[in-house]
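Worksheet: one structure, shown below.
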């Protein structure tokens, strides 16, 4: 196939090889045209009129029209000169007419002299320039006139690299349309030995040709010759075909080994008069096999050859019709007053310049990627396209790949759908087009006798009114520079200084005006006629020309002067200053000189003086408008020297990947400020001693970022940042500092308007991962905070807990602010607030980490190692330092520069300036270094302590602190990794760093690990929290029933042993039996052998699990406790019957009890009044442990035996009538007292005997088994809420199975009483007179009624225990190891409701008010019995009894006023006797002041006296604590608590007494011991204060009275001990405590029932009571006594998670 030449004939080709000439003739003159002999004239174009102001204008008239044209000028000339050797035509209106009257016209003719033999085919169509074709050897070997098509030939050797070819590559290397080898024939036989072959005029490369046969294609319907074919059909049967080459066998194996794998299309335009842009389609796959179609190989199919160029099928047989073929051609269009015809992709259309300008215009057609529409899949198959069938003959060439070639061609066709032919650049290249008048000015300026002022003036006038082309811009700037150079020599010819200055100033004015005209908007198209490189060159020439002319004037001025030239687009200022007058920096421009911009440049005084010359400083300032639209950043485009393209989205076609996978996403940078210039006379562009300061206003404030201070480099014609730095920036302005002078501006990145958040730099996967990571971390932080809040009962309010709460809050704020900030734009005000708060949160978080490390260090170096309590002053100091310092630093930063939070690219970062490093980086580093330093010091201290001999509890606490420090250190390192990775990722993404993604994924991983670490090591690892999680989840209604435990379940546990044997769990339970406490089972009742089993040690988790209401597995077998006394350990005997808790020496406490679903976390509330006869059991051979079953209905039971009481032997052997009664579930409570040695001494601070928490972790409680906490607390119940408990009935079910009729009757009676009690309670609530009464009623416990005759005698101990009685009591007294027992005197508890009901439990569940848990009492520390051990005797007790009988009883140092009050003399006598006999007063080294109020009345003064005496005894005890520590260590007992705890307990005791006495006096209660609080009446000795009452009778007797009563009790029942019931119900007569829980209506009824007779009767009865009552009388009120209803005091207790019994005494009514 032989193509023809586009749009021209061969004759035209020869004509263009001739010289191109132009002739002019002014109006009235003759135009003569002549050619050489043998040649004739060939006219190209002609015009009679005026296109230029400079031609035929000797006088410089600028008023003539330059758009004057006679349309038939060419026809007139052709009639006179066409095809002639010479001719002459008169340029006159008589010949051509007058197209523009008043304008002096001229005749212009463009012609060529061609051979006379070619005149027959010459046409008037404009022809391409002469270098389209070039001379060379014969094109056809056989002499035919056909031109060989491009791309056919043996192929030249591959060049070392892909060259940048000119716009039209000529033959034999010369410019031309085709690149044909010199030795070329019509038919060639070659193998693809070269991967680079010129095609389509050298535009498409990378084609290795195979054997081809050329044919001339059919003519086109539009009359134009068809374009040369890029791909050729293979004719297997043509006559000229010679041995076709098979690619599968002939291709060399390494033919394409050097080809890269990708293909990049680079498009551009030429410059400097030639088209040196290229369309590069090189680089094919290096992994081609010989059996596959290589680049440019022949793919057989349907009898046609499908030639591919790097998998791009530009033209194939599969394409049919004009639509497919038109994709390879750019359509015709009009641009710059020229018509551009259809042009093939890769070719350059060339034609003459428009409007009378000399030169040629060029425009390239390229194949560019089409922007895909939304929802359009660019690789979807065309539904209309069909895949051609493959013939069997085609498969013979490659049977293994018969179908793939067709599929590959189809795929290539689909890829071509995404590309379209496009004219590039957007406007034609008119760099070579020059107006004729500018050529005339250029010639004039080079003449010696020309007037420079006239030339400059003509240039300024023409540029302001005429349209310029690209070449005109080059000529104009060249003239400006030439004028300045000539004026530099010509000024010496003017002897007068003023004349010289005037001439140069006029020249400068014309030059500035010309420059402003070039920058005007009307000349924008002229700038676009230039390629980007030429634009930069012209701009540089304009700037230097203006500067040269300005300094020409500055050098002429010899005195101080300032000249300002202000035009539309340029402000120029020339200043000549004397150095002596320079007092400060010089600023340009003035505010009133340049209103177009607020830009400002400031030159320091020192820099000016250093560059002075002759005492004068010459400065040139310039400010430009619209220059920023020309001086574009060059590195935004591709390499201009090789491609000259500014197309950012370049298509990359890969052989192995999709097209869009290789799209280049480059950063788009713009010049975002006006250009401002400054130069000094000496050296002009020199380094300055001091930098200058520039303030530049941003032209665009939205969607721009990353400002950079740059200057224009004259050498490279590009912007450079060397020597300039950004000082500060905000949304509208930037401040720069540079150490040299030139033209300055601001470069900024453009952010996509549709995606302007931080996530625009994330790919899809990373964005999802960041969301997930932050979400996980936030969830776990919230869980940690909720754990601290919901399960606050588990934790001690310590400094460590407060620190970690603050850390969690700071981390939560940081995560949320980061997530919110990365979605915001960097230009919004809200973004600034996010950055501010994030700054503060990070500083606070790092500060809290530092304080946490410091707290661990201080714990190890102080006495806080063994006692972790709330340290409010220290925590407050932490709060002040953390948040105070953080807010102060942020405030200082805001005051210094508020814009630092709004000028950065992202909302989560500050701008990296000096303020950022001073207010953010430095404080964070200081806190982190301090935290690491304190952690290192803590490790050193722990290593030293581990080598020293410490007590067991100290080692335990040290291990806990060591674990906390390890966790904190890992936490700190993990948090540092999170923040560092986030910072480096953001910075890297900002600079398009390749490592940004690595940091991004590191941030995702570390942030996720941070959340998991918080949850695991700060929540899950703490066994207390795990237990609370189980309880919290299982006790809520939103869970299925299968996951929740029964609300009626009973949890219990027993801890026995000391030391290694501590923590032994001993219990037995069977499947679905009565829910008895641990230690009770039916096997234990029936099988004595089972009771002899050895205890089974169990871990802390199992112990706590057994005590949880959800952990009791009723189907499991539990063992009972082995009998006997272990060495050094007191243990329960085998007679452990009826659920109870055994407390042993040195052990912790576990208690049975129902855990209500409404119980607060970490507590087990004990509920009393289960139906069971009262029992008192002595456990073990020493009878150390007791248990009690408070029985609400025991007074209803018929008496059995002697008075319904068992003998001591019956109790001990579990015989008698009670033995046959069913054993029912019940709940009791005990509390421990701190063991103490016999001798006391002063002990050191901080050595309080608080064993370590089982977990020993972060949230360890300081309360332990040896600590008893007293709370005045109550629970508000809802109206109509039942108070019965279903476990009562459940506990009675098993006896029914045995057929016990008595048990069944007992159960029925109990159920009826409960129902009656519930009904009466509801009626009482309905009778409430107001809402206030109802609230008060709900806020108190149930009403209790004292019933006479319900108390039973204390059972005597077994006979074999008598010999151990004295030793046991003495040891128990010395060690203060006692049990609070409810076995005696339950008349105080077994009382009915207010209405006299018989049913209902005695107690409701009591919820502790956690806010009131502020008083911690150590019962063991309240050891006042040692003070009165030898001083208080029987006489004191008798005197106290006599005083009580006389009506002058004192309680706690205060007056108990009933019917009468003791006199002042009796009080003084008792006080004096007490002080004389007190052993504590003799050993007292100091006195403790009481916290009593001096403003109390006379009765309160007496209370203060007793309180002071009590404090004396406590203070005396401090001196002996040091000695007690030694004995504590010897016995393995925990040491005593510190002095503060004892003082607090004493003050609470005194406060209780005062309130109680006021209540008695308020109601006028008689002196009845039954009405006294616990310990007020005569009682036997009890070892330890209980329920906030220290015991004692009156002032002179405190603990001695207990000893007296204990001796009296021992006389009746050896080994008997007074229980709590006796403490609260003293004596056998007198009214009970006033009912504090009565409603106002009930109180009024009670007051109405009171009468003087009853009061007198009570007083009389009390006065005749026996001063030394029998123990039986102490616990039994008179059968006929009917006490009035006074305030009653109720007692309850709960066991917390730290084995601490919390006893609750009902608060007194106000």
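Placement of Cβ uses the backbone N, Cα and C atoms for every residue, glycine included.
Judged by membrane topology as recorded in Swiss-Prot, residue 823 sits across the membrane from residue 1323.
Swiss-Prot marks one residue of 398, 1429 with the annotation N-linked glycosylation site, and that residue is 398. Among the candidates 256, 287, 1637, the residue that Swiss-Prot annotates as N-linked glycosylation site is 256. Counting Cβ pairs closer than 8 Å to the transmembrane segment (969-989), the top stretch among 768-788, 802-822, 829-849, 921-941, 1000-1020 is 1000-1020. Taken residue by residue, the region 'GPS' (709-754) breaks down under DSSP into 0 helix, 30 strand, 16 coil.
Remark: the transmembrane segment (876-896) contacts the transmembrane segment (802-822), by the rule of 3 or more CB pairs under 8 A.
By the Cβ criterion (under 8 Å, sequence separation of 6 or more), the transmembrane segment (1000-1020) is not in contact with the transmembrane segment (829-849), since fewer than 3 such pairs are found.
With DSSP classes pooled into helix, strand and coil, the tally for the domain 'SUEL-type lectin' (25-114) is 13 helix, 35 strand, 42 coil. Here the region 'GPS' (709-754) has a mean pLDDT of 88 out of 100. When Cβ-Cβ distances below 8 Å are used as the criterion, the transmembrane segment (768-788) is approached by residues 759, 762, 795, 801, 804-805, 808-809, 811-812, 815-816, 818-819, 822, 1000-1001, 1003-1005, 1007-1008, 1010-1012, 1014-1015, 1018-1019, 1025, 1259 of the same chain, each at least six residues removed from its ends.
Here the topological domain 'Extracellular' (897-920) has, by DSSP, the following mix of helix, strand and coil residues: 11 helix, 0 strand, 13 coil. Long-range Cβ contacts of the topological domain 'Extracellular' (897-920) within its own chain (Cβ-Cβ under 8 Å, at least 6 residues beyond either end) map to 705-706, 727-731, 758, 817-818, 820-822, 824-829, 831-832, 834-836, 838-839, 842-843, 889-890, 982-983, 986-987, 990.
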